[in-house]
Amino acid sequence: MCLALLVILLHCSSLKAREVFTINKVEIRADPSLQVPNGDALTILCIADISKSGNFMIEHHFTFFKDGRILSDITSLQNRTEYKIPAARFADTGEYVCMVKAKEKKKKSEVMLVKVTGLPKPKLTALKNMVTEGEELVLKCEVPEEAPPLTFTFQKLLTPGGPVTRTKKELEKNFTTIEIPVEPGDKILRFQCIASVYSAHGMQESAPSDVELVTVVEPFSTPALVIEPSLNVTEGDNVKLVCRVVVRNYDIEIIIQKDKVILNSTRGQNTLTYFTKVSMQDNGNYTCKVELGSVSKEKTVNMVVTELFSKPELIHSAKMIDEGDWLQLQCKVKGLLPVTKISIKTRYLGKDNLLNDSSSFITKAHVNNTATYICTAEINGIIKESDPVKINVYAPVSIPQLWIVPSVRDVILGRAIRFQCQSMYGTPPITYKFFRGNKTVNSSQIFNKLPAEFRDKPTEVGVEQYSCEASNHHSHIRKRSRELNITVIAPVGKVNLISVPKREVEDGKGISFRCYVETGSLPINFKLLKQNNRKPISEDTKMDTEVIWYKETWSKQDSGEYFCEASNPTNIVQRSDVISINVILASWQKVLIALFVLVIIVILGCGGCCWYLWKKRKAKHPSIEMSGSAGVTNSAGVKLEPRQNSDGQYYPGYMDDSENHMKATDENKGPEHEITEVEYTEVEVSTPDPHRDSGENRYSRSSHGCSTVHRFLVAGLKCASKINIVEKLKVVLMPLRIASSNINCWEKNTKPNPRWKMLHLFQKTL
């Protein structure tokens with residue numbers, strides 16, 4: 001038994017595990033159709049098509065959506081359900097969707113568009129059924145069944161121009177109110193309204209509402225305007241205008257006006273009267289207007305006035321008269337009755353001055369007779385005046401004067417000249433013409449006594465002739481000024497400065513400057529100036545385009561930069577480019593410096609030689625110095641070294657110092673110090689001779705002294721070469737070279753003298 005129950009339970013659990021289903025489709029329908037008239041019932045059906053693995057129950061959750069918003073949630077074991085709308089309105093128009101959810105599965109239907117056509121008829125209400133003209137009437141239109149937004153249109157029926165409509169939109173209410181003014185003349189008012197709605201799915205409009213009737217009550221009647229004695233009158237007649245109105249105890253205002261001019265008015269009365277003696281100006285329309293608040297009623301009549309006599313006419317000889325001619329005026333009047341009074345007057349700034357109490361006036365014209373003239377005529381108390389006539393009397397112009405502003409003798413080429421021309425006498429307006437030669441440059445008309453102003457720009461250098469001519473409305477006179485001669489000058493052009501010689505001049509010599517301009521009117525003022533020095537070195541005014549200056553005896557202080565300035569009567573100064581002048585030493589100064597250096601060298605050389613000889617003589621130490629490559633032997637026949645005496649002892653000799661000097665000279669010698677090396681004569685002694693030895697010793701000492709002089713000469717020439725004077729010394733010491741050549745010839749035959757040897761060394765050094 002227990003085993004059977006266990007088998008049954010296992011079988012039941014296996015069946016429950018096999019409850020499988022799927023939602024195939026969700027369908028949505030509209031009943032009776034997708035388009036429903038406004039107010040009819042509408043049902044939305046939702047059907048779920050579900051497949052199951054067995055006969056088991058499933059709980060369904062149905063959700064209805066409209067335009068994405070949830071309308072209703074329904075739970076059912078059935079596979080279908082519905083959403084009912086008892087009376088469909090336009091607000092129910094939209095897109096519907098149904099969603100079915102079973103356990104964890106859900107599915108939506110396709111979108112279904114439902115349209116509700118039409119709107120219910122709106123309801124129109126007038127807050128008052130009886131109103132007065134000028135009052136504000138309040139109307140209310142509503143559609144209680146519909147939801148906003150709604151648009152309401154109010155119509156005023158049976159008007160002469162057709163229905164008058166006013167539209168108002170409501171976004172949050174399903175009703176609206178407006179105020180409509182009651183206009184004069186309205187008797188019974190008829191109104192109706194129409195509702196409409198707009199959405200993304202279209203527009204619907206309701207049928208017109210029922211007509212609402214409103215009765216209008218007049219606060220006063222339309223006025224009546226009467227003209228007495230009649231509408232057709234004659235100039236001079238007395239006329240009465242009467243305006244009457246029927247009033248129901250209201251504080252009204254009555255106004256009588258002609259065109260826009262108010263003639264008379266009253267308040268709180270029902271009658272208004274206006275009296276006048278008519279003239280031709282009173283011909284026209286007259287209006288009686290009655291007002292109360294915003295209500296206004298009026299009546300207009302036309303009064304015709306017959307002319308008693310015509311407007312007088314002032315006849316004149318001419319409007320523009322020359323001074324001295326006759327001025328004639330005559331006043332003519334056309335009418336049936338004789339003229340009571342006639343006058344001729346002048347008018348100035350609205351004020352009339354009596355000229356003559358007759359129909360004519362004649363006088364010899366003067367400028368004071370320039371005025372505006374009228375004539376007046378009076379018949380039966382009616383006064384009329386003619387049209388005004390402006391008459392001008394012109395005095396002839398005087399000879400004009402022409403001048404330059406400001407007054408100058410000369411004008412600059414290319415610059416504008418300002419002229420003024422004026423006639424001191426003559427009636428304006430005066431016309432001025434401006435001439436250059438016989439060519440008209442410009443003209444101007446002046447309406448006062450001020451001068452006319454002209455401008456001209458000369459284009460050529462020379463004398464220009466200008467004149468002006470004056471004229472006015474005088475019939476004959478036209479006068480011309482005297483010719484004004486103007487000298488046109490050109491400013492100086494480019495300035496150039498050159499010097500001879502260029503850039504350098506020797507001290508003590510002169511230099512020439514040439515300053516010239518390329519263009520410019522004469523005379524021209526030239527100035528030669530040094531840079532940073534305001535005072536001119538030279539200054540000349542020439543009737544020429546160039547000037548030459550010569551300045552003598554230049555010194556080192558005159559070195560610097562120079563320029564030239566040029567100007568003419570235009571007072572425009574032009575400056576040349578700057579040139580540099582350098583003052584160098586004169587030739588004689590160079591020679592003097594060379595001689596001075598030479599004298600110093602000679603003095604130093606002689607002084608050194610004498611000092612050396614004195615020192616040797618004081619020491620009394622005999623020595624024999626041999627020069628050359630051959631050695632000297634003593635009495636025993638032994639060859640001695642160049643610095644040994646006959647006893648074999650060494651002594652400081654000439655050759656040693658000379659070699660040292662030559663080495664030093666070679667080491668320091670360069671391109672700037674090309675000094676010829678000293679050559680010496682070699683003496684070879686074969687046998688000792690006391691007399692000869694003593695002479696040779698003296699000669700050796702003299703040679704050693706000349707070596708010292710040679711050192712001083714080399715040092716002096718090195719110093720001189722630094723001041724660039726060696727070349728000058730070579731030229732100056734040419735006689736010494738000639739003397740030295742004579743010494744060389746003498747040395748070949750005789751034993752050299754130390755003094756001549758020193759001179760020879762000096763020549764060799766140079």
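Counting starts with 1 at the first residue shown.
Just so it is clear, glycine is given a Cβ too, placed from its N, Cα and C backbone atoms.
Residues annotated as compositional bias 'Basic and acidic residues' in TrEMBL: 689-699. Per TrEMBL, the feature domain 'Ig-like' maps to 24-109, 223-302, 312-392, 400-485, 491-580. Feature annotation from TrEMBL assigns region 'Disordered' to 682-703. Feature annotation from TrEMBL assigns signal peptide to 1-17. According to TrEMBL, the transmembrane segment annotation covers 591-614.
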What counts of helix, strand and coil residues does DSSP assign across the domain 'Ig-like' (400-485)?
0 helix, 48 strand, 38 coil
Across the domain 'Ig-like' (312-392), what are the DSSP residue counts per state (helix, strand, coil)?
3 helix, 51 strand, 27 coil
Counting by DSSP, what is the helix, strand and coil composition of the domain 'Ig-like' (223-302)?
3 helix, 53 strand, 24 coil
Helix, strand and coil residues within the domain 'Ig-like' (491-580) as assigned by DSSP:
3 helix, 46 strand, 41 coil
